[in-house]
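Participant: To start, I am sharing the structure in question, which I have written as structure tokens.
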């Protein structure tokens, strides 16, 4: 019904009837009117400025009402039945109600009345929890509690909503199991159970499940809406005015007072703008403090068998902040960074929580959660604080590469599908948002675009009308409908391929020009080749090459450009051992017939000079031979040398009484020195002129010159050498010397020469011993023959016998 222009104030109408006048007041206290109840069946609409029933009827409406009855129409207009089918249209006037004070320190919110025309103030039910953990109840009561079970945060005292509740799963987050942190936030509503669980402890990474099944965001079903808002994950039940957020470090629960006022209990307390009953137990009693109360709100959790409702609560640890160094992070709460919010939200409780976390868990950076919750509470009061840049990186927040961090962003980002944000809320949240000049394509597609178009599974923005291929589908981005329309990709026709030739086989593979299509190509596999590589002789190696257009290799033995000697290969310029008398090396010259490198050798140079008495002779197994002694060498005192061959005797050039001889004993040349001892001689006893030397040239005698020297014993002194060992001193040795009769005459009877030979030989001997010293330092006893007497003895006069006797004498 559209009413004509009317004044802003209702007109009092006097009616006939017996019904008393009653006063009507709206629940908001904003309007006041008087009316009289009468009976009417037909209605005419009139201006409140006229009480006459005459005149044209503005509009005819078919309804039944009684005089004075009030009906509300659209555009915040009410209709009052006057009488006689006359209805007066009166605009509803809203007078601003007084602003109440919320004990939780937050500003009250404006809530529309049921008539949707006027509004009134309400203190929302707002509960938060953070850190290890710290709680702020609906009515603003602060306390800390370190239980490690699953607890009721809020449930209805009188159950009006089917299966509604919010729960928190805490765990010990320190090594001493003293303090705890939130791990999972649970929201139940009717048939759904939403779990927002922390993926990595003490981080903002969470995952969302509904009825134990992972879901993608945004999610909406049966009145439950789950979405991301800045750094938070939000569970919203619009019908109930419930908004629950969680980010891994903190949670917040906001519920409409009109829906839940005076009807909540749990660790978040009773929402009635009165802190006196916030520590209510499940039985309705009020605990001494909320730390004790919190222990009683355990729920059954199969994953935590140690926790069970009804168990005697353990004594809560002290919540008094221990003495420790003041945190520079916590001091920000009281400083200029957060000063713009101090008049709206008092920071003292958040500072106490921050200091508590800093002292008990200094290595987890949990003090950041106190600043984060305080900044979020300030944002709910329309005060934006950009605080993370003042923490020197301790509380920094890193965004994905395609987004940028903002301390104050919209609760819900503008997307291509939403175009403009429908909500009129001016509240802001921190988080990662699309850069300026771009917008989020869709709340479920995390892609920032400059112009709205299409985004497929490849997360690549497309413009309307753009054609592209993805997942082997030929697609087109169209405006309207589903946006992207795809048909199977068509491949170009290919000529039949024949793979002839040894080693080739056909194979299907992805085309390099079109990854969605396959082509038949000929592949080569040497395992299919029948020709095997030959075995080459030493100095040669197998070389192979594949002729153009073929698969199987062709083999041949080619020289390795090495030398070969005694089944071994030698690289050029390397030494080659042929024998130890030659220096050989491998050259780079190639023997044309053998195709092998040649070996060049040079004989090792030898020094052939030998000292006197030595001759250079070849030695088996040696290259240069060596100097071998062939004669005895005597170095006299005047440095004159005397060289004697084996068996040779020589007198000392300066002393005829000294005789040197060289004897070969077992291939060892031994120089022997003999001294002639002359018998006593008296020169006066000789006849004048008969003094002469004996044949030894040393001793004098007075025998006549024509008289032969008789056979007698002659003494000499000399060193004895035997097998390298020699006597220490000269040893007196004897020998037979003198002439004996020897005759050679012709015998006519025998017609031959007859020989009569006699030799001056020993007739009696004795064996004597002498001690010899060896080069090793050892001493040995050696026996030698000493001649006692000599005589002329007959002997055979044959040449052979003479040689044999001579050899025997030499050996002796």
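Easy rule for this one: first residue shown is 1, then count along the chain.
Placement of Cβ uses the backbone N, Cα and C atoms for every residue, glycine included.
Straight from TrEMBL, here's the annotation block:
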type     : residues : note
DISULFID : 725-774  : disulfide bond
DISULFID : 736-790  : disulfide bond
DISULFID : 740-792  : disulfide bond
DOMAIN   : 125-308  : domain 'VWFD'
DOMAIN   : 454-523  : domain 'VWFC'
DOMAIN   : 561-628  : domain 'VWFC'
DOMAIN   : 711-798  : domain 'CTCK'
REGION   : 1-32     : region 'Disordered'
Participant: I'd like to confirm something. Which of the disulfide-bonded residues, 725, 740, 774, has a Cα closest to the Cα of residue 790 (disulfide bond)?
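Facilitator: Nearest by Cα distance to residue 790 (disulfide bond): 740.
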Participant: Write out the long-range same-chain contacts of residue 774 (disulfide bond), meaning residues 6 or more apart in sequence whose Cβ is under 8 Å from its Cβ.
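Facilitator: Within the chain, residue 774 (disulfide bond) has Cβ neighbours under 8 Å at 724, 725, 780.
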Participant: Can you give me the Cα-Cα distance between residue 792 (disulfide bond) and residue 736 (disulfide bond) in Å, rounded to a whole number?
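Facilitator: The separation of the Cα atoms works out to 10 Å.
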Participant: Using a Cβ cut-off under 8 Å and a sequence separation of 6 or more, which residues in the same chain sit near residue 740 (disulfide bond)?
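Facilitator: In sequence order, 711, 758, 759, 760, 792, 793 meet the Cβ cut-off.
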Participant: Treating G and I as helix alongside H, and B as strand alongside E, what does DSSP give for the domain 'VWFC' (454-523) in helix, strand and coil?
Facilitator: 0 helix, 31 strand, 39 coil
Participant: Under DSSP, the domain 'VWFC' (561-628) has how many residues in helix, strand and coil?
Facilitator: 0 helix, 31 strand, 37 coil
Participant: If I take every residue in the domain 'CTCK' (711-798) and average their pLDDT values, what number comes out?
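Facilitator: The predicted confidence over the domain 'CTCK' (711-798), as a mean pLDDT, is 83.
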Participant: Sequence gap of 6 or more, C-beta under 8 Å: which same-chain residues meet both conditions with respect to residue 736 (disulfide bond)?
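Facilitator: Residue 736 (disulfide bond) has long-range Cβ partners 711, 712, 713, 714, 760, 761, 762, 787, 790.
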Participant: Within 10 Å of the Cβ of residue 790 (disulfide bond), how many other Cβ atoms are there?
Facilitator: 23
